[in-house]
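*Asks:* My questions will all concern the structure given below.
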Amino acid sequence: FSCNLSDLLCSFPGLLYQEYRDKSTREEIETRRLQDSQTDPEATSPSEETPSEAEPTSTAENKAPPQINLLRNSNSRFNLWQDLPEVQNSGVLSILQPDEIKLQEAMFELVTSEASYYKSLKLLVSHFMENEQLKKILHQSEAHILFSNVLDVMAVSERFLLDLEQRVEENIVISDVCDIVYQHTVNHFSVYITYVSNQTYQERAYKQLLQDKPAFRDVISQLERDPKCKGLSFSSFLILPFQRITRLKLLVQNILKKVEEKSDRESTALDAHKELETVVKACNEGVRKMSRTEQMISIQKKLEFKIKSVPIISHSRWLLKQGELQQMNGPKTSRTLRTKKLFREIYLFLFNDLLVICRQIPGDKYQVFDSAPRGLLRVEELEDQGQSLANVFILRLLENADDREASYMLKASSQSEMKRWMISLAPNRRTKFVSFTSRLVDCPQIQCVHPYVAQQPDELSLELADVLNILDKTDDGWIFGERLHDQERGWFPSSMGEEILNPKIRAQNLKECFRVHKSDDSQRRKLGSRNRQ
């Protein structure tokens with residue numbers, strides 16, 4: 001049985017990728033909510049990511065596959081693989097096992113989502129980039145910063161989609177797609193690193209153009225109102241490539257969770273996932289590198305050294321956290337309120353390898369009076385000794401700027417701020433709950449139901465449907481979490497997510513995560529044994 005994907009995609013309503021992505025992630029959230037609400041262990045299997053509706057129970061009806069109705073809205077024109085007329089007329093649904101049908105759906109989603117993404121890229125190019133009015137307003141250098149190498153990205157997506165289309169046309173039962181993902185990631189997806197690395201300059205240029213050129217602002221606004229854009233903003237089109245490369249990795253993870261263990265398809269999916277992870281990390285590093293360099297130059301200009309000067313700017317150094325804390329005056333023993341001022345302000349700049357302790361001075365400057373390598377920092381929470389000493393902790397510098405040990409008693413403005421400083425200053429300190437890498441059988445988990453953009457370096461940006469292990473939490477509404485799909489850690493407001501209460505679902509999430517990252521684990525074990533040798 002074969003299927004012409006061109007005809008099939010033409011029959012789709014042509015969802016733009018932004019619409020597809022939003023619907024898809026919200027359906028994922030609803031699926032988890034449904035699973036999480038199941039209290040009867042027999043009512044649902046945690047391995048089923050997409051619950052079935054009206055599943056037959058009698059053996060006589062077992063030939064009929066479960067209807068995986070992710071989209072409850074009858075007006076939605078989303079198509080599932082099993083809903084396609086070609087599939088339904090072929091008779092394969094009475095032959096395939098339910099697990100294979102789920103795998104077909106996962107592979108089919110990767111294909112159709114790429115078609116949706118390509119459609120949105122084409123609109124970005126034809127509707128915005130090639131608009132004659134916009135061309136007249138923008139200088140060539142401005143257009144280059146704004147659109148970067150989007151034509152290369154679109155060409156890569158088209159080639160990728162053609163290969164996926166050819167695979168689907170070979171047989172209505174898709175043999176595999178991860179081999180195609182692997183080949184394209186290795187040979188072509190470097191264009192994404194170039195595009196995403198330009199993101200900092202792109203965002204800045206866009207804001208500047210909106211501010212400085214009213215004509216630009218008017219044309220963009222006019223183009224956004226066109227029905228083709230379906231109410232979506234120009235900036236939502238500009239960030240498409242970064243969203244897509246990240247989402248593609250998650251789609252491969254979804255396939256990997258459904259393929260047979262120790263099969264060729266599992267091996268191919270693991271290879272594809274590993275290569276995609278390399279590209280995503282390079283994209284993230286590209287963005288960070290651009291902004292970090294500028295940030296370090298800015299900090300260097302603000303610092304004045306009372307002690308021996310420390311060179312701040314380094315290619316391998318970046319800011320982790322900065323902010324004001326209160327330092328307790330006098331020796332530790334004078335823990336009374338008899339002095340006029342018990343605490344005085346100090347300002348900390350914490351880098352990945354260095355702590356700089358300052359006092360703010362006039363002219364937006366900071367006078368540095370102590371420093372220490374980050375590896376030589378220790379923290380200790382002070383037991384609650386009344387309101388004046390609430391949120392107080394001890395910071396020990398095992399070797400400070402004078403090559404001696406020093407201690408500071410510091411007070412934070414809140415419990416969450418104290419915990420955030422303590423975890424940043426001493427990252428290997430044990431958290432309240434244990435992380436993913438500890439292989440704990442159960443751990444508190446949360447799924448993101450509202451996207452969040454990090455406001456501070458120690459915070460974690462969240463996408464809808466992200467699942468995280470909770471490592472620590474505070475009474476004033478903050479969570480320190482570790483995202484399962486990439487092990488990135490950071491703080492975020494607890495209001496951004498919903499805790500996953502069903503232990504079976506939590507266990508399944510961890511099991512799937514271990515499986516996805518098992519190739520990384522074997523590499524780590526090999527490296528560990530080499531290091532021991």
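Any Cβ shown, glycine's included, is placed from N, Cα and C.
TrEMBL labels come from automatic prediction, so no person has curated them.
Here's the feature list from TrEMBL:
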type: COMPBIAS; residues: 25-35; note: compositional bias 'Basic and acidic residues'
type: COMPBIAS; residues: 41-61; note: compositional bias 'Low complexity'
type: DOMAIN; residues: 102-286; note: domain 'DH'
type: DOMAIN; residues: 318-430; note: domain 'PH'
type: DOMAIN; residues: 441-502; note: domain 'SH3'
type: REGION; residues: 25-66; note: region 'Disordered'
*Asks:* By DSSP assignment, list the helix, strand and coil residue numbers for the domain 'PH' (318-430), in that order.
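*Replies:* In the domain 'PH' (318-430), the DSSP-based counts are 17 helix, 53 strand, 43 coil.
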*Asks:* Which residue counts does DSSP yield for the compositional bias 'Basic and acidic residues' (25-35) in the helix, strand and coil classes, in that order?
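*Replies:* DSSP classes over the compositional bias 'Basic and acidic residues' (25-35) add up to 11 helix, 0 strand, 0 coil.
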*Asks:* Could you tell me how many residues in the domain 'SH3' (441-502) are helical, how many are strand and how many are coil under DSSP?
*Replies:* 3 helix, 29 strand, 30 coil
